[in-house]
Amino acid sequence: MTSSERINQLTDQLNHYNQKYYQEAISEISDQEFDLLLKELEKLENEHPDLKREDSPTHRVGGTITKEFPTVVHKYPMLSLSNTYSEEELLEWDERIKKVLTDRPYEYICEIKFDGISLSMTYEDGYLRKGVTRGDGTQGDDITTNVKTIRSLPLKTSKQAEKLGLGAQFEIRGEGFMPTKVFERINEDLIAEGKEPLANPRNSAAGTFKMQDSAVVASRDLDCYVYQYLSEDDHFKTHEESLLALKKAGFNVSDSWKKVSTIEEAISYINEWSDKRHSLPCATDGIVIKINDYAQREELGFTAKSPRWAIAYKYKAESKSTKLLGVTYQVGRTGAVTPVAELEPVILSMTTVKRATLHNADEIERLGISIGDYVFVEKAGEIIPKITAVDEQRSSNELFRQKVEFVKNCPACHTELIRNEGEAAWVCPNEKGCPPQIKGRIEHFIQRKALDIDSLGEGKIEILIENGLIEDAADLYSLTFDQLLGLEKVHVDELTGKARKVSFKEKTVENILKGIEASKNQPFSKVLFGIGIRFVGQTTGEKLADYFMNIETLQNATFEQLIAVPDVGEKVAQSIIDFFKDEDNLRFIEKLKVAGLQLEAQNVVKEVEGNALEGMTLLYTGTFKNYSREELEQKIAANGGKFVKSLSKKLTYLIVGESAGPSKLAKAEKLGVKMISEEEFEALVSA
């Protein structure tokens with residue numbers, strides 16, 4: 001047998017054993033025998049690297065060192081789900097579904113919400129080609145080498161995958177997690193070695209997936225439950241069909257899902273799993289309820305942040321009593337002062353909690369807390385710790401209680417705090433001179449959702465401010481290599497007291513300057529969000545960028561023009577006007593212009609061709625002979641039309657190309673929207 005034949009034989013054989021063990025719980029071979037075959041394959045592949053197959057099980061072992069994880073834009077956005085803790089709100093959501101579907105029958109799929117890290121896996125020609133983190137929902141990190149270490153995830157789809165309707169090109173979504181037993185085993189080893197144990201399975205999984213050494217990742221036995229299938233083609237009509245096909249094709253789909261016909265049945269499922277979920281191999285944080293039929297999903301549509309056809313029910317958070325040791329205060333980028341409870345450490349949801357938010361002065365007053373009290377603390381959404389009440393049974397005598405009084409002055413710059421009418425927060429008005437506000441605005445500017453300069457994290461902004469190198473985010477663009485090289489500071493962690501040195505070494509400085517330069521290519525909408533106008537979030541920034549197209553037009557917009565923008569109310573409009581009245585803000589914008597940032601939307605019409613489409617709204621589906629998607633949008637705008645992103649009764653035309661989605665065509669027909677071909681569109685603009 002030749003080396004090539006033996007490599008192929010071993011690859012097929014070991015993949016078969018993996019499939020049987022991880023998907024069917026059948027062990028056809030001992031661990032020792034498996035390891036011997038794997039070592040033989042590794043040896044042959046090292047001798048003949050050109051013969052190593054894409055689906056080789058040695059990818060599971062890792063060994064690749066990845067120094068950087070490139071950012072990848074998701075083909076399909078990974079939206080978050082709206083959530084609730086109340087059965088009453090589930091019933092209200094169900095009523096909204098009924099209203100849109102006009103009392104037509106529908107079904108729900110109920111699934112366990114596993115608590116890990118959301119992943120997107122892309123298969124091309126049947127091979128796993130890309131694994132990406134959720135990131136901000138629009139873009140994430142390419143961690144393909146680490147995703148390939150997940151033994152339950154096929155590196156190559158089975159022969160029956162195409163027969164089942166999956167196709168050769170598709171994307172799946174799943175929840176990557178660290179099994180509880182693995183987490184406990186790792187912590188036992190770390191403690192035995194005198195090292196700090198891992199905090200909790202979720203954080204451990206997230207950290208492991210971002211490790212540079214895939215061999216270490218492989219040793220941690222991460223797993224993934226697959227819960228979604230996506231493709232350009234409509235292979236399936238329902239979510240149920242896709243889950244069954246994925247399972248039969250060898251993907252790790254949890255058997256815990258259930259199809260139900262009513263919201264009452266969904267609530268029964270929630271109650272059934274309230275305790276049962278603790279028997280699962282990983283942490284969970286709720287139940288997801290989804291419309292089963294894909295055509296009905298498209299009809300229900302999306303909000304800016306989440307699908308209308310799905311909702312997450314969160315179980316009541318675990319609550320424990322612990323002692324309040326003190327209250328400290330944090331100042332945010334907008335000047336809002338937030339009280340933080342310092343607590344005697346307590347374990348909640350497998351995490352040690354030492355601090356909890358107290359939100360604002362009103363919450364302190366409502367709770368009536370005093371230093372030394374025992375308080376109930378829980379994790380909101382099983383993530384953020386908060387205090388819910390005083391434990392009257394354990395708290396000290398009234399005579400000895402030191403009541404918590406909200407501070408009168410800023411804890412950072414000592415300016416007297418103010419409270420705007422109708423707002424809960426006390427605010428430091430020293431916007432230009434308060435260090436945490438300056439630092440917070442710059443950190444907001446560099447975050448992933450804004451200018452995405454991630455090489456400037458981990459306390460580096462603080463060092464730049466302290467050394468007088470920057471006063472605002474625009475100053476980042478004038479930094480030089482020589483200014484940065486050699487800077488360092490020792491940071492002490494507030495919670496653990498551990499010291500950590502932050503240094504600007506040669507490679508670090510190169511990455512920082514590279515990241516700053518790359519940020520000049522971020523679109524206008526991200527810059528607009530990054531400059532930090534109060535009440536202008538990511539979605540509002542996108543809508544303002546689409547509407548006004550450049551910073552000058554936005555700067556000169558009237559109150560009436562601003563409130564005409566969808567989702568821009570009076571408060572947001574006034575905040576925008578106030579921002580551009582400030583001379584310091586205008587100087588800041590001017591510095592960004594000089595630095596070369598994108599202060600104009602990239603889809604601005606450079607040349608007007610005509611007004612044949614004036615007053616019309618258009619959308620497209622499929623692919624086109626003469627245009628890319630971007631070119632088609634530009635053509636619409638150049639002829640006075642408005643390109644929109646969703647199908648509605650108000651749409652003037654749906655332009656239909658090749659491989660158009662059948663469900664979109666069916667919806668357009670149902671809504672009475674006129675459909676035109678690429679040729680008809682060209683005739684329209686030429687008229």
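Placement of Cβ uses the backbone N, Cα and C atoms for every residue, glycine included.
From a predicted model like this one, the values you see are computed outputs, not experimental measurements.
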Annotated stretch (coiled coil, per TrEMBL) among the listed ranges 27-54, 111-138: 27-54
Mean of the pLDDT scores, which run from 0 to 100, over the domain 'BRCT' (608-687): 84
Cα-to-Cα gap, Lys113 (active site, N6-AMP-lysine intermediate) vs Cys413 (Zn(2+) binding site), nearest whole Å: 44
Rounded to the nearest Å - Cα separation of Glu33 (NAD(+) binding site) and Cys434 (Zn(2+) binding site): 65
The domain 'BRCT' (608-687): DSSP-derived helix, strand, coil residue counts: 29 helix, 17 strand, 34 coil
Among Cys410, Cys413, Cys428, Cys434, which are recorded as binding-site residues, the nearest neighbour of Lys290 (NAD(+) binding site) by Cα: Cys428
Close in space, distant in sequence - Cys434 (Zn(2+) binding site), Cβ under 8 Å, 6 or more apart: Val331, Gly335, Cys410, Ala412, Cys413, Thr415, Cys428
Additional residues surrounding Zn(2+), by Cβ distance to the Cys410, Cys413, Cys428, Cys434 centre under 8 Å: Val331, Gly335, Pro411, Ala412, His414, Thr415, Pro429, Asn430, Gly433, Pro435, Pro436, Gln437
Under 8 Å by Cβ from Leu81 (NAD(+) binding site), same chain, sequence gap 6 or more: Val288, Ser306, Pro307, Ala310, Ile311, Ala312
Lys290 (NAD(+) binding site) - helix vs strand vs coil (DSSP): strand
